[in-house]
């Protein structure tokens, strides 16, 4: 396979992996809540959703900041 064809295939696979399911069903949200943010750093987009974070971490949204954080659990 030519390098151009390989790059096209890689691009299509990347695009496919980023798309949500056609059925409209998103993955369920992970349990727990995001802890409060202690300070205000510059805008960062570390994640898109809970499933772009490792393990049990959640994708937490603080204004223009999206970052993976360990969840807190409230009784």
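Residue 1 is the first one shown; counting continues down the chain.
Each Cβ is built from the backbone N, Cα and C atoms, and glycine gets one as well.
According to Swiss-Prot, the features are:
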type	residues	note
SIGNAL	1-24	signal peptide
DOMAIN	27-72	domain 'WAP'
DISULFID	34-60	disulfide bond
DISULFID	43-64	disulfide bond
DISULFID	47-59	disulfide bond
DISULFID	53-68	disulfide bond
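Mean pLDDT, taken over the domain 'WAP' (27-72), works out to 90 on the 0 to 100 scale. Here the Cβ of residue 59 (disulfide bond) has 20 other Cβ atoms within 10 Å, regardless of which shown protein chain they belong to. In sequence order, 47, 59, 68 are the residues near residue 53 (disulfide bond), counting only same-chain partners six or more apart with C-beta under 8 A. When the alpha carbons of residue 64 (disulfide bond) and residue 34 (disulfide bond) are compared, the span between them is 15 angstrom. Helix, strand and coil counts from DSSP across the domain 'WAP' (27-72) read 3 helix, 13 strand, 30 coil.
Sparsest Cβ environment among the disulfide-bonded residues 47, 60, 64, 68 (other Cβ atoms counted within 10 Å): 64. Rounded to the nearest whole angstrom, the C-alpha distance between residue 60 (disulfide bond) and residue 43 (disulfide bond) is 13. Cα-Cα distance from residue 43 (disulfide bond) to residue 34 (disulfide bond): 17 Å (rounded to the nearest whole number). Here the disulfide-bonded residues are 34, 43, and the one ringed by the most other CB atoms within 10 angstroms is 34.
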